[in-house]
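Student: Okay, handing you the structure first.
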Amino acid sequence: MTGDDPLEESEDGTPLPDGGAAGADGEGSKVPRADGGAVDDVALDPWGSSSVSDYRKLFEEFGIEEFDEVLEEVPNPHYLMRRGVIFGHRDYRPVAEAMREDEPAAVLSGFMPTGDPHIGHKLVFDEIIWHQQQGADAYGLIADLEAHAARGMSWEEIDEHARSYLLSLLALGFDPEEGTLYRQSENREVQDLAFELGAEANFSEFQSIYGFDGETDVSHMQSVVTQMADILYPQLEEPKPTVIPVGPDQDPHVRLARDLAERMRFFKVSKAYASFELEPDERALVVELYERLEPEEFDDDTLRCTHVAEALAETPLSDLETDADTLSSVLTKLEEAGMEPIRPRTRFFDRRATDDAFEALIDAIDGEKRVYENHVDAFDIDLAEAEELAREVEVDNGGYGFRPPSSIYHRFMTGLTGGKMSSSIPASHISLLDDPEEGYDKVKSATTGGRETAEEQREKGGKADECPVYELYAYLLSGDDDEFAKLVYDECVGGERLCGDCKEQAAELMREFLADHQEKRAEVEGLLEEAEIELESSRRR
Ligand code: TRP
Ligand code: SF4
């Protein structure tokens with residue numbers, strides 16, 4: 001998604017709501033957080049006022065990838081995916097592949113019970129449920145420790161809201177018998193894992209990621225390691241591709257969790273060319289050189305480190321895709337290795353393996369291998385096989401073998417009153433608990449992307465991309481019906497649809513949705529009582 005063209009369309013031509021991305025007015029419109037908090041134009045901040053004034057920045061600055069690029073690999077993509085509401089991801093491919101191949105996969109997300117669940121949370125509920133329906137192990141958790149520590153919620157308030165979130169999740173179709181529901185405070189395994197993960201993270205890191213300082217209370221920090229444990233919890237029994245559906249404000253958590261997953265590994269698998277270690281930049285340079293030189297041209301047909309060093313020394317820097325520092329460090333390494341042959345190999349680097357695990361790894365490697373003090377080089381297995389093998393050995397020998405968790409990101413919804421959707425402005429959002437009539441009224445009084453007069457609208461068409469009402473159609477009211485969403489869009493921008501009728505239709509659909517949802521909430525009360533989740537906190541007030 002480029003965001004350049006206000007009328008951008010997804011692959012199948014379904015119009016995309018602009019979702020509040022920076023408008024052509026260059027003013028960088030404010031985007032609301034999924035939890036209704038305010039958002040501003042700063043770096044992503046899970047608790048503060050982070051904003052996404054321009055979704056493109058997330059790709060460029062934070063390395064989030066565009067969802068459109070994996071869409072084709074996803075089996076029966078959800079409408080939120082098809083319509084670009086889910087706009088970004090990190091490393092979603094392994095999850096899509098596992099679902100396609102009927103292999104183990106998991107989905108997990110968490111909710112801070114700070115208020116009533118609203119239509120922004122519904123996006124995440126739907127994402128969890130959809131993955132569950134595609135065969136993933138599904139987890140929904142109540143972030144009660146975080147709500148208590150970071151938002152100062154009392155346990156009483158937490159219990160009340162937690163129950164409400166869970167009812168909506170079940171009412172929308174989460175299967176509690178297949179899936180897992182838990183609250184952070186009651187999950188001993190999560191707490192134990194959090195403790196272990198905490199040993200791999202330190203305060204300066206929290207400082208730079210979250211802006212924590214000397215005033216930050218310790219429980220808040222504990223809630224961070226708890227979230228890290230939440231994210232890795234689905235892999236405790238067995239490593240598997242896991243997706244965390246969240247708003248982009250949670251990306252700092254995802255990045256840290258991906259990092260910690262790696263730090264907990266016994267082994268790091270990489271490609272190597274000789275006995276020495278290479279940094280990624282250095283490796284790229286060696287590969288470049290290796291591919292230019294023909295081993296046959298050398299005495300005894302063997303390409304040796306010193307040959308590559310000579311060739312490298314003769315090549316002007318401008319002919320190489322590297323910088324002077326990398327060049328000189330690679331030269332030094334090659335010269336020191338001298339007559340050692342250059343041969344591609346797969347390296348298992350020992351990060352923190354036990355002696356037994358290291359021995360077991362050596363035994364498990366088939367074909368030619370060479371054992372060093374801190375690594376083993378294998379010459380007959382490729383990178384993917386090696387990853388698999390390392391993970392197996394690790395799990396069999398008391399390690400975790402975590403895969404880096406994946407994530408998908410959805411756009412935040414625009415407030416019904418324009419600007420931000422905020423829980424402190426009831427008219428700006430629709431709670432899943434709103435009386436259906438109230439929901440109807442809120443939609444009826446919503447701002448639109450309509451023109452001054454009906455005449456002008458007929459002539460120029462409405463601005464669906466800037467219209468919170470259109471967003472409601474695209475994110476929620478059209479459900480799975482892409483044709484209906486497209487019809488509303490086309491009629492709007494084509495000037496055939498006027499805002500009065502359009503809002504009436506949307507308001508009726510919203511009334512229907514709320515009535516239906518609330519009826520279902522009542523029906524799943526029993527299911528919730530049976531579910532294995534503690535509904536009442538035993539904590540002191
Ligand atoms: N921090 C999340 C929020 O602000 C809640 C949360 C806790 C969560 N643990 C999680 C989200 C694990 C995703 C995955 O709402
Ligand atoms: Fe929005 Fe509907 Fe008006 Fe178009 S016609 S601007 S979609 S309310």
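Any Cβ shown, glycine's included, is placed from N, Cα and C.
Small disclaimer: the values here were computed from a predicted structure and weren't measured.
As annotated by TrEMBL, region 'Disordered' applies to 1-45, 436-462. Positions annotated as compositional bias 'Acidic residues' by TrEMBL: 1-12. Feature annotation from TrEMBL assigns motif ''HIGH' region' to 113-121. Here TrEMBL flags 420-424 as motif ''KMSKS' region'. Sequence annotations record features per position, and here TrEMBL assigns compositional bias 'Basic and acidic residues' to 452-462. If you look up TrEMBL, you'll see 510-541 marked as coiled coil.
Walk me through where these features lie, including what they touch and how far apart they are.
Tutor: Across the motif ''HIGH' region' (113-121), mean pLDDT in this model comes to 94.
The DSSP breakdown of the motif ''KMSKS' region' (420-424), given as helix, strand and coil counts, is 0 helix, 1 strand, 4 coil.
Sequence-distant contacts of the region 'Disordered' (436-462) (same chain, at least 6 residues past either end, Cβ-Cβ under 8 Å): 416-418, 427, 430, 468-470, 472, 492-499, 502-504, 506-508, 510-515, 518.
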Student: Same chain only, please: residues at least 6 beyond the ends of the coiled coil (510-541) with a C-beta under 8 Å from a C-beta of the stretch. Say none if there are none.
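Tutor: Sequence-remote neighbours of the coiled coil (510-541) are 142, 144, 154-156, 158-159, 162-163, 166-168, 170-172, 176, 180-183, 185-186, 430, 432-437, 439-440, 442-443, 472, 476-477.
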Student: Of the residues in the region 'Disordered' (436-462), how many are helix, strand and coil by DSSP?
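Tutor: In the region 'Disordered' (436-462), the DSSP-based counts are 16 helix, 0 strand, 11 coil.
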